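To start, the structure itself, in C-alpha cells.
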Amino acid sequence: MVLKVFFPSCCSSADSGILIGRWISEQSSAVILAVVHFPFIPVQVKQYLGEVQRVTQVSVSVLGSWSNSKQEKEESLSEFLEDLGTIFCHEPWIQISKEGDSKFWSCSTLQKHSKNPQEEEIILVYYDQRKVMLSHLHPPLDTAGRRAEDASKLSAIFDTVARSQVLFMTDRYDEGPIKLTHWQSDGVEASIIVELMKQASVPACMLLTLLLSLLSGVCRSRVLKFWPLSFLWSKLSTCEQLGHRLQHLQVISSNKKAQNQNQLMRKANIFVSLLIDVALGILLMSWLYRKNRIGHLADTLIPVADHVAEELQDLLQWLMGAPAGLKMNRALDQVLGRFFLYHIHLWISYIHLLSPFIEMILWYVGLSACLGLTVALCILSDIIALLTFHIYCFYVYGARLYCLKIYGLSSLWRLFRGKKWNVLRQRVDSCSYDLDQLFIGTLLFTILLFLLPTTALYYLVFTLLRLLVVIVQGLIHLLVDLIDSLPLYSLILRLCRSYRLAAGVKFRVLEQQDGKPLRLLMQINPLSYGGVVQTYRLPTYNCYPRDSWASLCKKLFLGELIYPWKHKGEKQN
C-alpha cells in the first residue's frame, strides 16, 4: 500500500511536537495542517481539536509526531514522541524528523495496534499551505457541511485545507495553552488600513445603495418612456453607457455576499475597472482644462466643419459632371446634386449658428469626464454622430432611393416571367397578366433600369462615407468595451499572485533514493493570460455593428440601412 503524506513547507522550522491534520482513508492520504509544540497537555489538545471539528466539520486528529534534530539532544524525547501514539491512538502513526544538515526529512510509520503490520511505501509531498489555501481549487465553501463526492480526487486535499481556516486563526501571539505552527503562525495576515476600510465601507455602501435605488427608480419612471426621451435614451451612446455603469454600481454596492469565486472576481473586476475608468477620466479632464485647450478645440472645430463641407461640395460637383468618365442621366444627376448641395448649405448655416455656443458646450461636456473615460468617449461618439448628421441624411436618401429601384426592378422582373409575390403566404406564385399590364411594366422596367446607374453611384459614394463614420465610432466603442469588459483585477492577480488564479497542480521530484520515501513538491499551475480574459471577462453592450461580412454585403447590395448601435439590453457574452 502506498501512503501519501502532504506536509506543509511552512512547518519545516517548527519546534518538535505532534502533527495534526486529516486522515483520508479512501486514498490512504494524510494531510498535515499544523504542528503543536511542546509543552502541551493531551486533554487540552483533544478538546481543541474537538472544537475545530465541530466548527469546520473536518475530522481533524493527531496523526503523528514531528522531530527537529537540530533542537533535540536527548534520546528520551524521541522515545516520548513514539509513546504519544498510545495516547492519541491513530493508525498508522506518522513520524517525520529532520535529517541532520539535510534540507529534507525522513518519514516513517508505526503500527503498534496492528497484528499484521505491513511495510508501506511512503510518498512525502511538500506543499505551500498559503498558496493552496488561496488558490480556490477546492469546492465552494457553502458545501463545507457535505462530504466530497469523489474522495479520490486531489480536490479533497484542497478542500481539507480550505475548510480548516479556523485552525489558522491562532498565532504565536495568542496566550493560549496550545502553540501551533502553520502558514499564519507568525501573525494573521491583516492590515489596519484594510480593516478600517472594511468598517467604513458598510455605511458608504448603504448610502450608495439608497442613492442608486432612487436613481434607478427615476430611470424606470414613466417620464423616460415618452417619445422624445425614450428615443434619445435608446439611441445615444452616452445614455447607454450611463445605464451600464449604473448596473455596475448596483452590483458593487449590493449587500448580498458573493456565493462563489466567480461572483467575487466579477465584483472585484467591476470595482477595479470603475476606479481606473474614473481615474483616466479625471486625468483627461485635468488635461482639457489646462492652458485653455477647450478654447483652442472650439476654435479648431468650426474650420474643420467648414473644410469637410467644402470637400463634400467638391465631391457633389464631381458627381454632377462625368465622374470617372461614366455617362450619367443628366436630369436626375442635376436634381440629386442640387438637392444634396442645398442640404450642405443648410448644414453650414446650422454650424455657424451654433459657433458662439460651442466653447460653452465643450466646457460643460468636459466636466462629464469625471464620470469616467468611457462616458467621455461615448460623448465623443455622439458628437461625431451629430457633426456628421448631414452625411447620415445623404446616406439615408441614397439608400432609400436605391432600395426602391432595386425592389421595383425585382418586382417587374417577376412580372415578365408571369410571377408575383404572395404577401399572405410569403412566396412567389404564378399569375397571368394582360397586355396593358405587360406594356406598362416594360416601360417602368426600362426607366428604372436606365436610372439605376446614377442612383447607384450616389448610393455607393454616400455609403462609403457612412461606413467611414461608422468605423470611427466602432473604434471608439471598441475602446469603451475594452475598458468595461477587461478583467483588470484578474490580470493584476495573474501578474502578482498567479496562484490565486490556479488551473491545476504539477508535481516535481525532489529526491528519489532506494530505501527512502519519494519526495515530491506540489506546485500551483496558474491560468494563462488568455484563459484569465476568457474566464473572467465582463459582459458589455454592443454599440457597433457586429454583422458578418456576408450579411453586411447583402445589406449594402439591397440598400438596407446600417446603424452604429443596437437596441438596449443586448449583451455580449
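Note: Cβ is positioned from N, Cα and C throughout, glycine not excepted.
Any TrEMBL annotation is an automated prediction that lacks curation.
As the structure is a computational prediction, the values presented were derived from the model and not from experiment.
Positions annotated as transmembrane segment by TrEMBL: 200-219, 270-289, 335-354, 361-388, 394-416, 437-461, 467-492.
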Folded-back contacts onto the transmembrane segment (270-289), same chain, C-beta under 8 angstroms, at least six residues removed: 245, 248-249, 251-252, 297, 366-367, 369-376, 483-484, 486, 488-489, 492, 538
Residues from the same chain, set at least six apart from the ends of the transmembrane segment (361-388), whose C-beta lies under 8 A from its own: 236-238, 240-242, 245, 274, 277-278, 280-282, 284-285, 288-289, 294, 297-298, 301, 305, 354, 469, 472-473, 476-477, 479-480, 483-484, 543, 564
Outside the transmembrane segment (394-416), six or more residues from its ends: residues with CB under 8 Å to it: 339-340, 343, 428, 433, 437-438, 441-442, 444-445, 448-449, 451-452, 455-456, 458-459, 461-463, 465-466, 558-561
